[in-house]
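Structure first, then comments.
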Amino acid sequence: MSSTAKVFVGILSVAAFAKAALYSNTTKFNHTCAIKPTIQSCSIAALDLANLDTCCTETYGGQLLSTQFWDTYTGREDEGQLLPKKHWTLHGLWPDYCNGSYPQYCDLSRQYDREPPHEVNGQRVQPYNGTGVDTFIKDWDRYDLLDWMNKFWVSQGQPSADFWAHEFSKHATCYSTFDVPCYGPKYRQHEEMIDFFDTAVSFYRNLPTYDWLAAEGIVPSNKTQYSLKNITAALKKHYGAVPYLGCYGEQYSQVQGSKNTSDHGLTVLSEVWYFSYANGRPQDGNVTHIDSTAPSSCAHTDGAIWYYERTPSSERPVHHK
Ligand SMILES: *[C@@H]1O[C@H](CO)[C@@H](O)[C@H](O)[C@H]1NC(C)=O
Ligand SMILES: *[C@@H]1O[C@H](CO)[C@@H](O)[C@H](O)[C@H]1NC(C)=O
Ligand SMILES: *[C@@H]1O[C@H](CO)[C@@H](O)[C@H](O)[C@H]1NC(C)=O
Ligand SMILES: *[C@@H]1O[C@H](CO)[C@@H](O)[C@H](O)[C@H]1NC(C)=O
Ligand SMILES: *[C@@H]1O[C@H](CO)[C@@H](O)[C@H](O)[C@H]1NC(C)=O
Ligand SMILES: *[C@@H]1O[C@H](CO)[C@@H](O)[C@H](O)[C@H]1NC(C)=O
Ligand SMILES: *[C@@H]1O[C@H](CO)[C@@H](O)[C@H](O)[C@H]1NC(C)=O
Ligand SMILES: *[C@@H]1O[C@H](CO)[C@@H](O)[C@H](O)[C@H]1NC(C)=O
């Protein structure tokens, strides 16, 4: 990448912090995406900022990642924070850069994370200590969305609403298409947050990981291990592109009786990331699925992966998707 481009990006970051908008020249007016061309994020046309509407084409983080978790417990069962049976849970919808690295906390005036990093791009980040973002959803009278999020967007070790706040401030503030000026002169506070939650939910609902794996005979088990290759193939069959799979736990090479001491990949399946480009606004859901650009953290040896059953008392049945 040329040094001119780097300087350009540096200026944008400063503008993001100072002006609370990703591009200081974005006005509140005339973002009628329905009458503008549908441009694919990360395409050549998406680089031509002077001739497109950054509210209608994703130009900041053009590589979208719809991400999910497989946890076996929440650590907050006593508070009623339970996992949805036969479903992975929603993690987020991230706007990575087209080259695979990613921006974060792009607008500190919309910082709702209670445990943010100490600093980002040399800027000190204040931990948020106000009312939870669940109250913003209530202020918008979106109790149905809130119920859904409590069922399917479930965190581990922290209240789910704190996790939604983290996802919003870390990632959603880095989308050109969810930027505040895009919502026009009658913008109401948190409008873009509700829109982001809606969009993350609609992406997730098109990606039934549990069902896709089960259809290929891959179901949670505390007795049988699976192969990364088989899990990947099962998901590719349904998604049409290769997702990223994330694992934690012991390295395969460290496991007692390991058959493959050179495989340092991890052995407990816990995450999936589905990659796509947005054709027009992510909100409108027209996406092109693409292969993951990130190497899996999971062990590659046949039969090395645990896809654990959940602790029964950590789950509840859910009656709608
Ligand atoms: C919005 O669009 C109208 C009609 O094309 C145009 O007259 C007006 O100048 C535009 N406003 C701004 C602020 O760009
Ligand atoms: C808005 O600013 C960006 C850089 O911040 C620039 O590339 C673009 O050409 C500008 N758009 C217009 C219409 O001037
Ligand atoms: C990736 O792209 C971003 C945004 O254009 C840029 O800031 C970053 O330096 C690039 N990273 C690499 C590794 O090229
Ligand atoms: C809450 O956060 C604000 C802004 O960062 C800070 O000024 C205030 O002291 C904090 N209050 C508490 C009780 O931590
Ligand atoms: C979806 O995006 C593709 C690729 O840009 C475009 O050809 C198609 O017309 C779009 N579909 C809709 C319904 O907008
Ligand atoms: C052993 O692990 C390496 C590194 O993950 C992998 O490339 C290789 O295919 C594995 N061998 C067997 C027999 O699974
Ligand atoms: C992976 O899939 C192959 C082909 O369907 C099958 O023979 C093999 O048993 C599977 N491996 C595991 C560990 O499930
Ligand atoms: C399966 O194993 C996981 C990981 O050890 C554990 O958390 C879970 O409770 C077990 N589930 C069942 C049904 O035994």
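First residue shown is number 1, and so on along the chain.
The backbone N, Cα and C atoms fix where each Cβ goes, glycine too.
The signal peptide annotation in TrEMBL covers 1-20.
For the recorded site, HIS91 (active site), the DSSP three-state label reads strand. Non-local contacts of HIS91 (active site) by the CB criterion (under 8 A, 6+ apart in sequence, same chain) comprise THR67, GLN68, PHE69, GLU167, GLU271. Under the heading active site, TrEMBL lists HIS91 (among others).
Of all Cβ atoms in the protein chains displayed, 24 besides its own lie within 10 Å of the Cβ of GLU167 (active site). The feature active site is assigned by TrEMBL to GLU167 (among others).
Of all the Cβ atoms in the protein chains shown, 25 others lie within 10 Å of the Cβ of HIS171 (active site). As annotated by TrEMBL, active site applies to HIS171 (among others).
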